Amino acid sequence: MRLNPGQQQAVEFVTGPCLVLAGAGSGKTRVITNKIAHLIRGCGYQARHIAAVTFTNKAAREMKERVAQTLGRKEARGLMISTFHTLGLDIIKREYAALGMKSNFS
């Protein structure tokens, strides 16, 4: 699906933060997935250096599927797409010792 001029501008803007405000069904996920593809293919970023964070498991799953369709699974390997809660838990699991926690925290 094609992007409108505003969406294309958001995808191609890479010199700083970019806030995309739009209503439901307006293409925000399309912008994010295309931006991820642009960062990897157009700007030389490695997928493992990109994180996309959303609020729901459903949205994270949908975004993963769309990125895999756009890039292919191999090119998207290492990309972090998750919910805020999952991202936080992953960080704690990886850095538990630095946080003064035990590996079996709950």
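In case you wondered, yes, glycine gets a Cβ from its N, Cα and C as well.
The Cβ of A22 (ATP binding site) has K28 as same-chain neighbours under 8 Å, each 6 or more residues away in sequence. The annotation ATP binding site is assigned in TrEMBL to A22, G23, A24, G25, S26, G27, K28, T29.
Residues annotated as domain 'UvrD-like helicase ATP-binding' in TrEMBL: 1-106. Across the domain 'UvrD-like helicase ATP-binding' (1-106), the prediction's mean pLDDT works out to 93.
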Residues that sit under 8 angstroms from A24 (ATP binding site) by C-beta distance, when 6+ apart in the chain: none
For S26 (ATP binding site): intrachain residues, at least 6 apart, with Cβ closer than 8 Å: none
Those binding-site residues listed as G23, G25, G27, and which of them has the most Cβ atoms within 10 Å of its own Cβ: G27
